[in-house]
Each structure stands twice: as C-alpha cells, then as structure tokens.
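*Asks:* Sharing the record's features from TrEMBL:
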type   : residues : note
DOMAIN : 5-69     : domain 'DUF1899'
REPEAT : 78-112   : repeat 'WD'
REPEAT : 128-170  : repeat 'WD'
REPEAT : 176-217  : repeat 'WD'
Amino acid sequence: MSWHPQYRSSKFRHVYGKAASKEKCYDCVPITRNVHDNHFCAVNPHFIAVVTECAGGGAFLVIPIHQTGKLDPHYPKICGHKGNVLDIKWNPFNDFVIASCSEDATVKIWDIPKHLLTRNITSPKKELLGHVRRVGLIEWHPTANNILFSSGYDYKIMIWNLDTKDAVISNPVKILDAHKDVVLSMSFNTDGSLLATACRDRKIRLIDPRAGTVLQEASYKSHKVNKVLFLGNVKKLFSTGTSQWNNRQIALWDQNDLSVPLLEEDLDGSSGLLFPFYDSDTHMLYVVGKGDGNIRYYEISPEKPYLNYLMEYHSHLPQKGIGMMPKRGLEVSSCEIFRFYKLIPTKSLIEPISMIVPRRSESYQEDIYPLTTGAQPALTAQEWLNGVNKGPLLVSLRPGSGDVTSLPQFLEPEPLMKTTDQSQHQRRGGRMPLEDMQKPSEIEDRRKHLKMEEKLPKNEQMCLSNGFDLFECPSPKTENELLQMFYRQQEEIRRLRELVNQRDVQIKQLELELRNLCTDTGSY
C-alpha cells in the first residue's frame with residue numbers, strides 16, 4: 001500500500017482573494033434585472049462593459065477601466081438593440097471592438113471611441129442577421145481574427161466571418177445544426193480547432209466547428225450540465241450543473257471519452273448557477289456561484305486526483321454576474337494572478353476582486369507569470385476557415401518587455417504529437433528543464449560539445465552556439481523544432497548565468513580566505 005502525503009507542494013496553495021476598496025469600485029451602476037444565465041459583464045485592459053436596464057430596448061454601458069467611483073446617472077449607453085441584451089464579449093485582438101447579442105435575434109458589432117463617450121451610440125459597425133429566435137450566446141475565436149460564433153434559441157450555432165466591408169451580414173460561413181435544444185454554453189480548446197457545448201438536453205458535445213461533425217457526445221444521466229469549459233491543453237473538460245437530487249455539482253471529463261466523468265463532486269444545495277473560469281498559465285480553476293458571494297478555486301493536475309481544492313473566497317454580497325480581466329491587464333507588481341469584476345445589483349455596485357499570491361519580494365515573479373496569450377491574432381479569418389490551426393501568440397507580462405516578446409506557440413492539429421506535448425508542458429510550467437527535453441544520449445553529446453568548446457581556440461569557438469555545433473545541428477525546419485530550439489537556448493542562458501554567479505561566489509570566498517591569511521601572517 002503506497003503512502004500519499006496529506007499536503008501537496010504548490011506555489012498557489014496560499015492564494016487569497018482581496019476585494020477592492022470603496023473608491024476603486026464602480027458605484028451607482030444600473031445593473032440589468034434580466035434572469036438569463038450569463039455573465040452580463042465583459043472586461044479588457046481599457047474598458048468594463050455591463051448590461052444595464054433601458055426603457056424600450058436593450059443597452060449596455062462601456063466604462064473606462066480607471067473611471068471608478070460614482071457613475072453619472074446620465075452616462076451614455078450603447079443602445080441599438082430592440083430587445084434585452086443577453087451577452088456581450090470584447091474582441092480579444094481589438095480592445096475597442098465589442099460584440100453584443102439580444103432577444104431581437106440579432107448580433108451587433110460596435111466600435112468604441114478611444115475618447116470618453118459624450119452621447120449614446122445607436123449605430124453598430126456591423127449587424128449579423130441569421131437567427132430566427134433570440135440569440136443567447138456569443139464567443140470570439142481564440143486565435144483567428146474576426147471569427148465570431150453565435151448561438152440562438154433556434155438551436156443553431158452560426159459562424160460569422162467579419163472580414164468583409166458589408167455593414168449587414170446575412171449569410172454565416174457555417175451553420176452547426178447538431179443540437180436538439182438550446183445551447184447553454186460554448187468553449188474552445190487552445191487553438192480553436194474544437195468546440196465544446198453544453199445543451200439543455202443534458203448532453204455535452206465535442207464538435208469540429210469547420211466540418212460541423214460531432215466527435216464526442218456525453219449523455220451521462222446523473223449530471224445535468226449547465227456550463228462546460230475546456231481546460232487548456234490537458235485534454236480535459238470541466239462542467240458545472242446539478243445532480244439527480246438538485247445539488248450543485250462539478251464534473252471532470254476526458255476529452256477522448258465522454259461516456260463517464262473522471263471525477264464527480266457535489267458542492268452544496270444552492271440553486272444558483274456555477275460559472276467556471278480556467279487560467280491555463282497557473283492551472284487554476286475558479287468556480288463562481290451565481291446568487292451567492294463565494295468563489296471556490298482549485299488546481300488542476302494531469303494525474304489523479306486531477307482536481308485539488310485550494311481555498312474559497314467568502315463574501316456576504318451575492319453576485320448576479322461576473323467579469324474577468326485578461327492576464328495582460330493584471331498588476332504583476334502586487335503578484336495578482338487573476339481578477340474578477342463582481343456585479344452586485346442590490347447595491348448597484350461593481351466590485352473588483354483580485355486573486356493574489358502572497359510574496360514578500362516586490363520584484364517580478366517569473367515563476368507565476370509564464371508567457372501568456374497576447375492581443376495579436378495568430379491567424380486570419382480565411383486561414384482558419386481553410387483548415388489551418390495555430391496556438392495563440394504569447395507575450396511576457398514583465399514590465400517594459402514590449403507588446404510581443406515571445407515566439408508564437410504553434411500547435412499541431414489533433415491528434416497531438418509528442419513534441420507538441422512537450423511544448424505544452426513548457427507553456428504550462430514556464431520552461432522545461434533541459435534534461436527533461438533531451439534523451440540521455442543527447443545530454444551526453446551536449447556535455448562533450450561543451451568540453452570541446454573549452455579546448456578550442458577563440459576563432460573555432462565561433463562555430464559552436466550554446467553547446468550545439470552549428471554545422472552538425474541543422475537549422476529547424478518545422479515550427480515545433482524552432483520552438484524547442486528557442487527553449488533550449490533560454491535554458492542554456494539560464495545555466496550560464498547560474499555558472500557565472502557560482503564563479504562570483506567562489507571568487508569572493510577566495511578573496512576572503514586570502515585576506516584572512518594575510519591577517520594571520522601579519523599577526524605573527
């Protein structure tokens with residue numbers, strides 16, 4: 001019988017939630033009273049958008065992110081819909097473009113001016129007409145530019161290409177007609193090649209969006225699913241819903257086998273919906289309850305028990321909706337790894353909640369901020385429609401590092417190759433140790449090259465780069481080889497820095513011993 005330790009080592013074990021002070025909240029915001037099960041809030045580093053009440057149609061507010069405090073009751077709205085607004089989403093590659101869908105069966109794309117709003121915006125940039133009943137969900141593609149998915153109460157998911165000059169688009173590029181009831185949730189995998197959906201018929205479906213085919217279907221009767229979420233590149237799905245006894249429940253699924261969940265757990269007997277959020281950089285999963293003030297958070301591991309409970313943020317103020325700040329908008333100086341924007345309609349308040357890793361050092365913590373998804377698309381709309389798959393372009397959150405400071409993260413189409421798994425592990429955990437990336441024979445060859453480099457004259461050392469012979473090691477020919485070479489060079493630089501630091505310490509020790517020796521000789 002093997003012994004399992006009661007505590008596991010994790011740098012995120014002591015993460016805590018910190019609510020913003022009153023002056024950093026958004027007060028007097030008329031939050032919508034709609035009972036639709038959506039977030040009703042969308043956030044990016046420049047703006048926070050909130051669905052609001054409006055007479056004679058639907059509207060939402062767009063507030064500059066730094067404009068905290070009391071909101072002017074006459075603050076301008078975006079109010080071009082004829083019915084209640086049900087969902088809003090910012091374009092991940094343009095912080096000044098937002099999409100909205102409504103009960104009037106339309107999807108509208110809006111341009112938000114960079115200056116402060118002075119009047120209501122009623123004319124959208126584009127209008128998408130295709131659904132015959134109200135549209136409840138919209139999702140932007142995670143890597144392709146100007147690709148938008150919409151789901152309506154006509155049981156259809158429509159794919160729109162916004163790379164056209166037409167102000168009104170009536171023909172979607174693809175219609176997914178695989179559902180027999182209302183779609184409650186949509187989620188993409190990292191490169192956007194797969195779409196997971198949760199439907200009111202209690203089934204989870206894994207769909208190839210370009211082919212329109214259902215690859216997997218879960219019809220597990222004891223779990224009534226409401227929301228489904230892809231967990232990065234760990235080939236797993238997470239869902240929230242209710243059990244047979246109407247308890248709030250969470251479940252974890254294998255992407256390749258949706259017949260039975262890997263894990264199933266009842267949380268409590270509350271009736272509110274559970275919204276899941278996943279941070280692929282830290283492998284942390286957040287479960288936010290609608291109608292209560294709690295935020296549970298877990299850490300995902302690739303092996304059993306898969307889901308490791310960390311802690312729970314408690315608040316006596318219930319949330320109606322929730323918004324999430326992208327990683328590029330966080331305060332890295334305070335070790336903030338996630339930020340929620342909590343909608344509290346009883347107080348007309350939006351309260352930011354920061355999830356913080358307690359660290360004493362004020363310097364940049366590279367181990368909790370690996371390269372993360374940036375604001376540049378990896379593909380054009382047409383490239384994705386033609387069948388190309390690429391992972392998101394990564395950026396560093398280090399202050400002063402510039403906009404795009406990393407190589408693009410390329411993912412192979414399904415099924416994933418072994419080299420892709422290595423690159424995924426590198427992105428999840430920062431950098432992979434060089435010994436883990438190479439076979440023992442390759443490690444031995446590298447050490448021999450390093451010994452040869454020390455013996456060679458300076459003019460011959462120019463042929464060696466980071467322990468690799470440029471003439472023996474050909475230039476990378478594929479994207480995965482390029483990415484592996486990049487990480488090898490980063491690891492070699494880190495190793496050389498450590499070697500230099502060790503040499504500096506040895507020099508200081510020798511100087512101290514020499515000084516002590518001179519002092520002892522002088523005393524005699």
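Glycine too: its Cβ is placed from the backbone N, Cα and C atoms.
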*Asks:* Kindly report the helix/strand/coil residue split of the repeat 'WD' (128-170) according to DSSP, in that order.
*Replies:* 0 helix, 22 strand, 21 coil
*Asks:* Give the nonlocal contacts of the repeat 'WD' (78-112) in its own chain as ranges (CB under 8 Å, at least six residues past its ends).
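*Replies:* Distant Cβ neighbours of the repeat 'WD' (78-112) are 32, 34, 36, 38-47, 49, 51, 54, 57-62, 120-129, 131-140, 142, 145, 148, 150, 152, 160, 162, 326, 373, 375-377.
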*Asks:* So how many of the residues in the repeat 'WD' (176-217) end up helix, strand or coil by DSSP?
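*Replies:* DSSP classes over the repeat 'WD' (176-217) add up to 0 helix, 22 strand, 20 coil.
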